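A short worksheet on the structure shown next.
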């Protein structure tokens, strides 16, 4: 986001933090232990590249598994696929922007202001759009799990595959437009406040859904258990799905919260020494964001036997080990 005369998500926040050094405090050029807190934490390009590549492969595997396995052709997994696409774009965009900046710094790429600005705007728009898509996809999954538990007998009439596809299309259309607008007007404090407000509003909404879900789930499961057939088994599977999504939400909050705290401090106390010290670790917060994209596919694999089975089949086919796929 372009919050200073330097462009790009990485450089704008780094330079904003450095430019906000309190008067009388040592800058990055001064010696002494105190100055270390105000220097931007440097992380090698190789780490960004590695995380980006791992996330790319993992999330492609998730998307391929959902497309390949017809048992995974359900609204919840379609929303998970949307989340995987968002995770993939976040990591790839972060890694790509880091590589471009490294090439420019090393003199291996044309250092023209207009070209750099346009490239950074594209990368930043992708990152911002993907962030919004992640939040909305998580909310869609939460609503889907809520319906399966509290409206179990009407679920297939309420949440059809066609309706899920329409929801995903609306999510990505809205998030793409919003992401571009956020970057175009990112120099405005109002835009940052809107982004922060959206993040916490969506988290509060999802938290309220899950609290209500788990508080009343046991009572509802007892009612379903009284019905003939596979009601109890199906309900238990739905609860397992709800727990999986709760884990995803928890990981999302842990990985993204430092970034949004950085934004809050950047707006509220840009010259406070403690705030500046926190903001100096911006690169670490980018790493946490990319780690979220790496962790999510592992959660899918750990929590879903069907996903693990499909992952194994795809990996075996990739390596030509067809006999092991049986």
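The backbone N, Cα and C atoms fix where each Cβ goes, and this holds for glycine too.
Annotated by Swiss-Prot as transmembrane segment, the relevant range among 47-67, 215-235 is 47-67. Judged by membrane topology as recorded in Swiss-Prot, residue 46 sits across the membrane from residue 242. Within the set 23-43, 191-211, the record from Swiss-Prot flags 191-211 under the feature transmembrane segment.
All protein chains included, residue 94 (N-linked glycosylation site) registers 25 other Cβ atoms within 10 Å of its own Cβ.
Between the transmembrane segment (282-302) and the transmembrane segment (72-92) there are at least 3 Cβ pairs closer than 8 Å, counting only pairs 6 or more residues apart in sequence, which means the two stretches are in contact. Among the listed stretches 122-142, 164-184, 191-211, 247-267, the one sharing the most Cβ pairs under 8 Å with the transmembrane segment (72-92) is 122-142. Recorded stretches compared: 47-67, 122-142, 191-211, 247-267; the one with the most Cβ pairs under 8 Å to the transmembrane segment (164-184) is 122-142.
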